[in-house]
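K.L.:
Quick one: the structure is below, and I'll ask about it shortly.
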């Protein structure tokens, strides 16, 4: 049991340069053995054995780093291997229609060799088998590549960056670079990166549910100092000493046994699978009809050879010939199913999602959940934080009120009295989660921490603060970490003379409300009543100029009133009233360049941007004007439709009233994370909501929103875990790029659906009409498999990887339940399919006379006609791919040369088609065409371009076709007219 005195730990074993072994560290951490820790000399003793300083960390040079890695291991764990290429190949082979085709190919091959000999008889069956093999290999390669892409994105998700103390300075490293002996500062929302021991902490509470399964928050102190990798910091802050990394931690063992699941199906994939199933059923029904009709025609003697003779004569045709004929008919029917079943639809979604995810990484957005890619295209409103998202998060103190008056310049220490300066620098140094490192060889101080902390610490340094001296001369006995609900944080500091100073820092008007006095320019304590209006005016004035206002205050506290018992002290409430105001500072955080354009782009795209910030209303209003969320001062003072509201006012409304008011809100100031959650809940009744967040308390709002966007730099690990997408550079412009990509995903899928349905409709009608009327089909099994390959795999690859265009951001958002096939798409595909069917059926029934082939050998004439139909059909699909790129634009060539993959696939398709006609005629049942017939084929394909352009002038109703039809049916049932 943890902490059991009966267990005697072993005598420390020297390992290399270290006085403790990996096994001893693992035993102590895993069993939580307090007795072992005490025997090793407590946390200080373990640190000495690991040759690390509790204040300065490890040396951090390359030699020391590698030595620790070699002896104690690295902070990585072996991953379960993903599925191999052969697994994907096997899964592609298990496709039902392809299995049927393989069986048909085997039967055809056996009969062909039997009747015609091996030299000539293997062509029909062999060519079908080869075509099926190519389809299987291409499908497997495509799926395998997507799998590798998702794997690399998953690794990126786990690459958390955090701060460690090495050589006395805080530096940012990857979680994979943490080594045993590292000192890691922890704060609210961080993930514990490895197993370790608490060095020091204040109100540190850990959520261990990920390891223990219990949702209880565990408080950590000297009695319970062990920290487990993978757990989250729920409250407080502190430093830990790393004792175990990687596979030597419980988390590492757990993760090594789990393989990443990339099998997530997005809503669009689910819908498309439904569409594919429906089309497949239709194709199956058509194929069954064709099979029955062809069998009836064949066995009743109504199917003829090219020379006019009947293929089957009852009682006179050999059984083998009859079986061969039946197999060919069966193969045609099965091939119709292959063409009709749109395997390319799910593939297109996978391709476009994988492509978009990879490109979004370059645009500083890491997708955690696939479905967010699609949903972002439907976003109608974005609730954005201010600090760091709309602003640069590069903060500087530019204005200060100290001693009851404005200090100009703000860091001129000669204008401040000594006692006030001493108390002010003490409060700045102690009431901070940041740190200051002074290089030994001289040079500028290195300040680390949050941007607000860094700005105030830098101001303190300018006032003459000696950070290390203040930290070492007094000690923090209790802390109230900054809380986004109360918008302030405080510490109780014990001085060498045992006096207690309580320091508070936070939102200016909130801290000011707790002050009863201020310290004047002569170090005197004065009642605040006479100056409170001046202070409020100063705060309002700074806020109106978009400065963040922070107040610093303190109070003296009797030592005898402070609990001495550790347990009582941990539950002690810091005194919040009767404070003495020391300073009010104005911190400038400029707007990000380009954020105004990004906000305008959202407005043009029908997406409303709302600012939700913890700053006061005046600061929020000023930044909103600067960013373009509010257009003018008149907007800033308006109540509708650009309502500016305080969080507590919104919170106080009834649920119904909140829904009404939420529609009008443009700016919410002084909001708590709970206010943000209430706003998201109210907006989701009518909108698709995207929300940004960085704090631990933002997790509920991020989880509740349709798309949660966590900040990659300032965001805590808890916020990132609750999000769908991580914005790696914290920039609002990157959020807008995510909207573009979301719309691009949906648009690319629609382009492919239009392209594929055109091919489906045309191929089915041509073969069905020809089969029923003439008993033969112009497009045979191998040809249709080639069309299937162009359509499914190459077509998906070409259209699913179209980059987003500016045109996407001029459309309104895609409605949540908008049909996948729009009226525009129906118009385009019906025009193209009608054209292809008409031209190719004319060639099928009148081709011989049009091409003057009446006097040719019947078999050769038939092959020339069918080859022309096949060639023209394929070239129609090539030209139709261009049309599908821009379903609602006249110029389908705009930007085409920038998409090298699209151009490459078009080129490859044309080259392969030429190779098939010229060199693989025996396999495809085609003959070489003359240059004139090639020109005819190209002309048939080319005509589809002007036809598509003319078709786009035809107006279409805005109401989806399905709604129009169901509406008319409903009216007729109700006895209504038009």
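Glycine too: its Cβ is placed from the backbone N, Cα and C atoms.
Those TrEMBL annotations? Automatic predictions, nothing curated.
Because the structure is a prediction, the values reported are computed rather than measured.
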K.L.:
Which residue range, 250-274, 275-299, 300-324, is the one TrEMBL calls transmembrane segment?
P.N.:
275-299
K.L.:
Transmembrane segment per TrEMBL sits at which of 62-87, 88-113, 166-191, 192-217?
P.N.:
88-113
K.L.:
Please average pLDDT over the domain 'Cation-transporting P-type ATPase N-terminal' (39-113) for the predicted structure.
P.N.:
84
K.L.:
Please count the residues of the domain 'Cation-transporting P-type ATPase N-terminal' (39-113) that DSSP assigns to helix (H, G, I), strand (E, B) and coil.
P.N.:
47 helix, 3 strand, 25 coil
